[in-house]
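Input: a single structure, listed below in structure tokens.
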Amino acid sequence: MLHSSLHPSIPQPRGRRAKKAAFVLLSVCLVVLWDLGERPEHILQWLMLHLASLQLGLLFKGVCSLVEELRHVHSRYQGSYWKAVRACLGCPIRCGTLLLLSCYFYTPFPNTTHLPFTWTLALLGLSQALSILLDLQDLAPAEVSAVCERRNLNVAQGMAWSFYIGYLRLILPGLPARIHSYNQHHNNLLRGAGSHRLYILFPLDCGVPDDLSMVDPNIRFLHELPLQKADRAGIKSRVYTNSVYELLENGRPVGACVLEYATPLQTLFAMSQDSRAGFSREDRLEQAKLFCKTLEDILADAPECQNNCRLVVYQEPAEGGNFSLSQEILRHLKQEEKEEVTVDSARTSVMPDPSMLPQGPELLISSMDQPLPLRTDVF
């Protein structure tokens with residue numbers, strides 16, 4: 001199963017398997033119809049008739065939706081009735097084509113049911129009305145999820161963009177300078193290669209406490225980084241601050257880094273606790289995973305930010321499980337330092353040894369008394 005590099009439980013975006021399965025179904029049905037001995041032109045005519053009937057049923061459904069949308073034409077469509085019609089029925093050329101196809105393909109067929117066209121049309125409208133009243137055509141949860149992901153309509157996707165634009169994009173470009181200033185006043189505490197980033201914690205259960213030491217006593221608050229101020233949304237000199245934490249192992253300091261939770265996860269957790277939001281625990285878990293994946297994709301296209309932070313995604317086991325948040329952070333710190341060393345060694349390997357290069361300009365002097373001409377045909 002495909003999953004993100006952040007955590008095994010975070011899925012990748014949906015692919016095109018549904019359309020591939022539909023293509024296989026189409027092929028199988030055509031083979032079955034061919035084996036039944038029907039002529040190809042009859043198969044094509046019946047296929048077009050049924051396809052036009054299905055689309056005509058969707059047209060009836062769109063008309064029913066239009067009746068409701070006309071009540072909101074000023075608030076939802078800026079007073080444009082044409083926009084309301086397009087939102088419910090789609091392109092008018094398409095609707096007219098479907099009506100013509102329905103009439104055209106109904107005419108040449110023998111009337112096996114002995115029903116006139118108006119009866120057939122009325123029965124089609126009746127079946128569509130019953131489907132609407134009984135909610136027989138509601139989208140499946142997987143279809144709703146796919147549509148929302150494809151159009152960036154999920155709660156988590158909006159939160160991820162808000163977290164990036166309203167926070168990370170403001171503080172991450174200037175983070176190295178603030179860490180450098182901090183090191184000058186605190187004995188170069190954040191000297192490791194992995195300590196020059198902001199580590200953002202992503203618990204998939206959305207449990208975000210305000211005190212990290214309550215989660216793990218081996219995480220100890222040390223200091224705050226130098227403040228960053230910026231004018232934001234009418235607020236003059238808005239203050240942004242980040243905290244430096246020390247990581248302990250067997251009572252001894254083994255590392256330090258700039259650390260914090262992803263604050264939008266608190267909102268997801270609060271929504272799941274409020275009945276007015278209609279947000280279940282399953283919805284919360286799905287949106288938390290999507291939040292992580294969306295933020296990862298956003299940072300991947302932001303070079304000025306992606307090298308200044310690392311996402312620490314984890315899922316605490318059930319009761320009785322052995323999980324240490326400090327050890328999880330240490331693992332990411334060591335991995336970051338290992339990757340930095342690997343990159344540095346790769347850069348060093350492609351650079352020539354300075355001792356092998358000439359230290360100054362050299363003059364190449366010929367032993368001949370007269371200079372040679374540029375032409376070679378004089379010899």
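A Cβ is built for glycine as well, from the same backbone N, Cα and C atoms used for every other residue.
Over in Swiss-Prot, the protein carries these features:
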LIPID     CYS88  S-palmitoyl cysteine
LIPID     CYS91  S-palmitoyl cysteine
REGION    153-340  region 'Cyclic dinucleotide-binding domain (CBD)'
BINDING   SER162, TYR167, ARG238, VAL239, TYR240, THR241, THR263  3',3'-c-di-GMP binding site
MOD_RES   SER355  phosphoserine
SITE      PRO358  site 'Not phosphorylated'
MOTIF     363-366  motif 'pLxIS motif'
MOD_RES   SER366  phosphoserine
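Neighbour counts of Cβ atoms within 10 Å were compared for the recorded positions CYS88, CYS91, VAL239, and the top value is held by CYS88. The number of other Cβ atoms within 10 Å of the Cβ belonging to SER162 (3',3'-c-di-GMP binding site), over all protein chains shown, comes to 12. Cα separation, ARG238 (3',3'-c-di-GMP binding site) to CYS91 (S-palmitoyl cysteine), rounded: 49 Å. Counting only same-chain residues at least 6 apart in sequence, those with a Cβ under 8 Å from the Cβ of TYR240 (3',3'-c-di-GMP binding site) are TYR167, LEU170, ILE171, LEU227, GLN228, LYS229, ALA230. The maximum pairwise C-alpha distance among SER162, TYR167, ARG238, VAL239, TYR240, THR241, THR263, the residues recorded as binding 3',3'-c-di-GMP, is 18 Å. Put simply, CYS91 (S-palmitoyl cysteine) is 52 Å from THR241 (3',3'-c-di-GMP binding site) when counted between their Cα atoms. The predicted model assigns the motif 'pLxIS motif' (363-366) a mean pLDDT of 43. Taking CA atoms as the reference points, VAL239 (3',3'-c-di-GMP binding site) and CYS91 (S-palmitoyl cysteine) are 51 Å apart.
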